[in-house]
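Since the structure comes first, as structure tokens, the remarks are kept for the end.
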Amino acid sequence: MRKKGWLIGTIAGLSLLGVVGCSSSETPQDVNQHPGQGAGSSGNEAAEPYEISLMFHYDVEPPKNNSEVAKIIEDYTNTKLDLQSVPSSTRAEKFNVTVASDNLPTAVKAFYETPVVNAIKNGLFWEIGPYLDDYPNLSSINPLVYDNLKVDGKIYGIPSVRDLARNTIVYRKDWLDKLGLSEPKTVDDFYDMLHAFATQDPDGNGQDDTYGLIENDSLFNMDLITAYFGAPNQWGVENGQLVPSFTTDAYLEALQFYRQLYDEGLINQDFPITSRDLWFNIWNSGKAGAMRQITGNGLLRQQDAQKVDPEAEVGMVSLLEGPRGTMIYSERGSNGFFLISKSAVETEEELKRVLTFFDQLMDKEMADLFNWGIEGRTYTIEDEKARYVEGDAYTKLIQPYNQIAVGDYVNNSTPGALHPLHQRGVEMNVENEQAAVANPALTLDSPTNNEKGAQLTKIIEDARIKFILGDIDEAGWADAIKNWKRNGGQDIMEEFTAAYEQNQS
Amino acid sequence: MQHVSTLRRWQRQVRRDRWLYLMLLPGVIYFLIYKYLPMWGVVISFQNYSPGLGLFQSEWVGLKHFERLFSEPTFWMLFRNTILLSVYQLIFFFPIPIVLALMLNELTQQAFKRFVQTVIYIPHFVSWVVIAGISYLFLTPEGGFVNELLGLLGQDKVNFLMSTEWFRTLQVTQVIWKEAGWGTIIFLAALAGVDTQLYEAARIDGANRWRQLWHITLPALRSTIVILFILRMGDIMEQGVEHILLLLNAVNREVGEVFDTYVYTVGLLQGNFSYSAAVGLFKSLVGLILVVAANYLAKKSGEEGVF
């Protein structure tokens, strides 16, 4: 009996230990939360590497701690990095969860979205505006880019700069040549091109299996099309009032144009259930004539298409003349920004150390790393111009870390000998900027939008797709807009208008 | 006086069974820390919770979030969609594992029975993402297998994935395909507990297979069925959020949007923590009421309840 008692006691004790063991395994996280402790003072001696944890997203391959690239950054900036990467598809969720659980790293890469703005307003992050002058690199960033990221008129984010107007239609130039057409200049030309791609068997396999334009469930091409018809960039100003783009006549005309494309079978008929991945698959299968991309990705799309059809060639066109002239939407000018958390970086002194780190990331050495990689491995230098080595060395080795780069790392790095398509993209971005229309509501604040924006947007997004499919007509579209207004849209318009007036005065 | 003796008896019992109590302790601690402590989080549904201020400094707003939920124009749509999907599952999914279990129970070849069991368990381990992918390949109007077949037979294409009519059928069918086999486990376990002497006695009395099923097997399963039914009532407001999100698109949202996907939109995508907590609390309350009611009815009709 005694013996048995001991046995049971041991089991009970061991299982207790299990519980304790589980809970104690969580403590290292606490340490991570305050990486600055102790290291803050030693920053002066420049001996001890300063601990920095960074949260950011990746697209294909996750970055790794203690990897070769991480070591290079650590050595250059005298830091110890803890890279917390998340897949880009779950980026927004992850940010919210991290904020809600009060588990923020030193700095987190964020985008100008309602939850992020709310978190900034709640005082979770450092305002960096007043410190920028002390950092030559950070203060060299285009002020317009900082302006587009302001919250309540203050600067919080360290942006990864990119061009303002990079959107383009990527199309199969080899098909265009084969069908004897020239690059479209107007919306009508564009329609003719798509029509020919879909109906004249451009891949020459004798089957009716090609699409003019391919679309996915987020109606990705729509922003370009509405711009061609002259609808404002998300929000427009009419008689001093801010009105959403989708209430304009131009927007409706764009929708009608798109419905025609769908009716005539120039678009993949199952686009409302075509995910982004499937969308790329259609392109890669060599069945697609055109899709919206950014100018920088033209070369990638050409390489993808060439896997199936070695003759494939890609052309890009951004500016098409429509009924109201030629325009394109400009974006924010940055690809996300780093926010420095107050819970992980407790003192001003530590903040300065972190800012130094980001300032150093903009040095030419670091910009070269992010843009070109490691000399001899991912690029070579000829005639003082950098050139990527053949193959995917850069994509494999450097791409996962690209999101860490801040500032305009492309222009800060060594000039390169670019592929003609790449070169064309750079030139197009400059041309596009001349025709670019800005979104006047970019940094305007509306409490109703913060609270209900996402739900309300769904009303319009769903209605657009239904309109294109023919499930609803013009009256149904007008109902959707009414619905949007009634459920809070009217308030958003008024709040934006008030904020806009305040900014103007 | 009696109080003292109760206390003393209790003390004696604890000392006698101290090792058993010690073994109980980890479980109790687990539930306290991971189940009961987080329950206090529901207070944020009465606050304007802001992560910067935390649980204790956030502003109290009373029932504001509940008022917003009930005045939301989509509230009744969400309610209808959620309940309808659950009712469809109760009608079409719930009986299937029972029938399957009864059929398996009739098999005499043990090896064959086990083989079939394993085969029907497998879909349970396939993730919804994969199932959604398979459904897409079969059902898409752009070269999907089913639609190609319909085309060969001279029929019109059916846009299964992009229609309001097919959404619920599709959802319930996928649930049946994935979970029906797995659901048999608990019934098979109950069937294994039936005394074989009962069957022998029935055979001697001349009962055939159907009679045995009706008078012995089904009554043996009855309490299990009732208990699972009661538990199911508690989940009536729950739908697998991952599953529904994968099925949702612009066209079928009016029949497919349920409370769980709504919480995903306003809570996770938009960061309204308090509001989504309020929606969650409302769901739990409805579930609780239904469980208690179902339990009461079960006991009334002479069955054993859950509690």
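Residue positions begin at 1 at the first shown residue.
The backbone N, Cα and C atoms fix where each Cβ goes, and this holds for glycine too.
Bear in mind that TrEMBL entries carry predicted annotations, made automatically and left uncurated.
Some features that TrEMBL has for this protein:
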TRANSMEM  B:20-37  transmembrane segment
DOMAIN    B:79-294  domain 'ABC transmembrane type-1'
TRANSMEM  B:83-103  transmembrane segment
TRANSMEM  B:115-139  transmembrane segment
TRANSMEM  B:180-201  transmembrane segment
TRANSMEM  B:213-231  transmembrane segment
TRANSMEM  B:273-298  transmembrane segment
Among B:20-37, B:83-103, B:180-201, B:213-231, B:273-298, the stretch with the most Cβ pairs under 8 Å to the transmembrane segment (B:115-139) is B:180-201
Sequence-distant residues near the transmembrane segment (B:213-231) by C-beta distance (under 8 Å, 6 or more away from its ends) are 94, 98, 101-102, 105, 186-187, 190-191, 193-194, 198-199, 202, 207, 291, 294-295, 298, 303-306
Where else in the chain does the transmembrane segment (B:83-103) make close Cβ contacts, counting only residues six or more beyond its ends and a cut-off under 8 Å? 120, 168, 171-172, 175-176, 179-184, 187-188, 191, 213, 217, 221, 225, 228-229, 232, 235-237, 239, 258
Contacting positions for the transmembrane segment (B:180-201) when only residues 6+ beyond its ends and CB under 8 Å are counted: 93, 96-98, 100-102, 104-105, 117, 119-124, 212, 216-217, 220-221, 224-225, 228
